[in-house]
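A short worksheet on the structure shown next.
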Amino acid sequence: MASLSISFLLTLSLFVIPSLSSDSDPLQDLCVGDLKASPSINGFPCKSSVSSSDFFFSGLAVALNTSNSNGVAVAAANVLTFPGLNTLGLSMNNVEFAPGGVNPPHSHPRATEAGVVIEGSVFVGFLTTNNTFFSKVIHAGEMFVVPRGLVHFQWNVGKGKARLITSFNSQLPGSAVLPSTLFGSMPGIPNAVLTKAFRTDDATVNNLKSKFAV
């Protein structure tokens, strides 16, 4: 009897574990997020009154300012900017690049990313957990995918500006941008950790931290 119970629990776990791999499925047709309330595990509580405007979003059509140190700007359509996405397990970004612009190495802890080049030529790369590097230059109309949680980047290698539309299987995928995460955290990571990890010295670490100071 004990062995039968163990077998049952193991079998049950095979069905339960995959269900945790992305946002939970919604239990109703729609649930426009009430951003004034505190979020729960599966999103925000539902607004009591909704209208057609809750299901349309123009934020991805706005021109972006790429005059910054990375030469990249992102407009996000996630549950925080487009509450109609609440509980639906989906979000999108508009990413624009100046010539030579780089979307620096980062990861999305809660989502797989898929994207299509709308304009220009973009070098897309990602790394696996065993440090294998996959990359390719893709052009307008071509698509890429980055598995969930893996470090990746995009770099405009064309002569003009470039633009991507990216999508995620999460209403709020999150983004951990490695340079600012490591050198711009508050409070800061101890220099002793960073000098050891990067095989460098205090002066180099302090110089990098100064570039990402808030």
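The backbone N, Cα and C atoms fix where each Cβ goes, glycine too.
As recorded in TrEMBL:
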SIGNAL    1-21  signal peptide
DISULFID  C31-C46  disulfide bond
DOMAIN    58-206  domain 'Cupin type-1'
BINDING   N93, N103, H108, E113  oxalate binding site
BINDING   H106, H108, E113, H152  Mn(2+) binding site
Should any of the recorded positions C31, C46, H106, H152 have a Cα within 10 Å of the Cα of N93 (oxalate binding site), which are they? none
Rank the binding-site residues H106, H108, H152 by the number of other Cβ atoms within 10 Å of each Cβ, and give the residue at the low end. H106
Residues in the domain 'Cupin type-1' (58-206) per DSSP class, helix first, strand next, coil last, are 25 helix, 58 strand, 66 coil
Which of these recorded positions is closest to H106 (Mn(2+) binding site) if you go by CA atoms: C31, C46, E113? E113
Using all protein chains shown, find which of the disulfide-bonded residues C31, C46 scores highest when you count other CB atoms within 10 A of its CB. C31
Note the Cβ centroid of N93, N103, H108, E113, the recorded oxalate site, then list each other residue of that chain whose Cβ lies within 8 Å of it, in sequence. V74, V95, H106, G115, V146, H152, T166, F168, P173, S175
Tell me the Cβ neighbour count for N103 (oxalate binding site), meaning other Cβ atoms within 10 Å of its Cβ, over all protein chains shown. 25
What subset of the recorded positions C31, C46, H152 lies within 10 angstroms of H108 (oxalate binding site), using C-alpha positions? H152
Taking the center of the Cβ atoms of H106, H108, E113, H152 at the recorded Mn(2+) site, which other residues in this chain have a Cβ no more than 8 Å from that point? S107, F126, V146, L150, V151, P173, S175
Sequence-ordered list of residues in the chain of E113 (oxalate binding site) that lie 6 or more positions away and have a Cβ within less than 8 Å of its Cβ, or none, is V145, V146, H152, T166, S167, F168, P173
For oxalate, with binding residues N93, N103, H108, E113 per the record, max Cα distance (Å, no decimals) returned as 14
Quick one: average pLDDT across the domain 'Cupin type-1' (58-206), no decimals. 97
